[in-house]
Amino acid sequence: MIHNLILKRFEKELPGIDIFVCTADPLLEPPSIVVNTVLSVMAYDYPPKKLSIYLSDDGGSDLTFYAMLEAANFSKTWLPFCKKFRVEPTSPEAYFRTASEPLSDAVNVKDWLSVKKLYEEMKMRIEATIKLNRIPDHIRKQHKGFREWDFVLSKHDHQTILQIRVSSRISNGPIILNVDCDMYSNNSKAIKYSLCLFMDEKKGDEIAYIQFLQSFDNLTKNEIYASSFRVLQQLELHGLDAIGGPCYNGSGCFHRREALCGKKYDKNYNVDWKKVSDTEADESASFLEETCKVLASCTFEHNTTWGKEMGLIYGFLVEDIITGLNIQCKGWKSMYLSPERDGFLGVAPITLLQTLVQHKRWMDGHLQVFLSRYCPLLYGYKKIPLKLRLAYCPYNLWAANCLPTLYIVVVPCLCLLKGISLFPKISSPWVFPFAYVAFVHRAYSLNEFLWCGGTFRGWCNDQRMWLFNRTTAYFFALFETILNLLGYSQLNFVVTAKVVDKEALKRYDEELIEFGATSPMFDILATLAMLNLFGSFGALKKVILDVDEDLQGLDKFGLQILLCFVLVIINLPVYQALFFRNDNGKMPNSVTYKSIIFVMLACTATMY
């Protein structure tokens, strides 16, 4: 295997790897999830002395700190266990959920069950402490680090808290991996795969970052919320390798430290891996903690280029996209990597509202980028190829897709009720271009989806979610971004909740769309669904009651009627949630009443 040859050839020159795991809120991102991610990356198939793991907790939570102490103690058992049993994945929760105990050796069975019991006990202690929402006094006495929180006023107002545990060495590794707290390592050889590219003698020195595929371990068979982006990830992003490389997608990405820290690429640039592999420092842990607190403070980057030209470019909701673009504009290239075994697995949203809110945040950020000085068309001028600049634009302009989509959903239906024809007659030869484009586009889309491993029902769900997103999340993103540019609102980063409700999870596994909440987005979804239902009823009335006259009506309005019926079929889960479901995932009654009133007013205004 190539990655094993890397180890043999560069054994003494292997670079240090700094792994950063990021979390923000112990309530929305339970520490038990964070613990599993940290333990999974600690167990990489890589020399332990070359690995350094850092947890960045923007929430400044002592609960998360306690969970890390538990993880550090459990790691003394877990890491040798992973090596002995060649564990994959190296997240204990994921491993024990899917693996069965070994049957061949009584000693191995005993070890296996013992480690599983230790993990379950650790998890119970963490969850009990989280439920209590405070660290018991007897636990606080176990580590001096808990005293740091005695001076914390709130998670938004506290001193720099920095703890170095396990080692008295702080690293400065030439390669950095950043991982979201819910994206555990699913492939212990991911580091070796990335080094095969970074250390390539011909092209390796021009690569700034290597982006792994983002996959999820909780997707349903037919991907009810279309969270996998399978076509985008398996086809589109791979294609970008030929024109400079993919964008940086935030998690599961290996960075060259020099590129991330602002260095411009030079054709004569060459890495001496032996030199950069020596990252040890002799200072004590206590000395390093005090000196590094200055670096970790919120004011360190003031009056510097950090956050503007160096490190992550912040001030945007999609700081990853901006950062990747900035690096590429300095002459570096990137690569997309998707080994047969996924490098990382995360948690996809299990409710519709979580999905829409997540998409809204992405679209807010992308449109914000396009309308800023970092617009790829302008910022990348003469810095990156035109093809790569254009490749950024479809994602930056996703939010603007709401306008033509809302037109297609609303106007043809209202015009049908009013008797206004928008499309050629069915008997006209001009109908063929419309029919050809519609059929070929959908057939091509279906073929792509199936080729990428999806199912037909999965493709249908994908089409439904594109409609839901464009008429709600994208619309709100466009509206809020414009207000932000005019100075009337502030864009906020909303953390997607990772807490799982058991009833909602059961409905998710059954592939029932979870509404079950009041939201302006649901008001729009329900109103548009009801509008097309009313339009379909109006069309049926004409067909049934006006048979003689409606032969001409079908010829004149056939495409509009077909469009209404297609939209009704797409919205079947909405009608089910509005009128037929009795579980907690149904559409709230207030949403049902409002949608009926809105549609009746719209239809009345149209008719008269």
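Glycine is no exception: its Cβ is also placed from the backbone N, Cα and C atoms.
Positions annotated as active site by TrEMBL: Asp58, Asp320. TrEMBL lists Glu29, Asp58 with the feature UDP-alpha-D-glucose binding site. Marked as transmembrane segment by TrEMBL: 473-495, 515-537, 557-579.
Asp58 (active site): 13 other CB atoms within 10 A of its CB, across all protein chains. Cβ crowding, taken as the number of other Cβ atoms within 10 Å, peaks at Glu29 among the recorded positions Glu29, Asp320. A straight line from the CA of Asp320 (active site) to the CA of Glu29 (UDP-alpha-D-glucose binding site) spans 20 Å. Put simply, Asp58 (active site) is 12 Å from Glu29 (UDP-alpha-D-glucose binding site) when counted between their Cα atoms.
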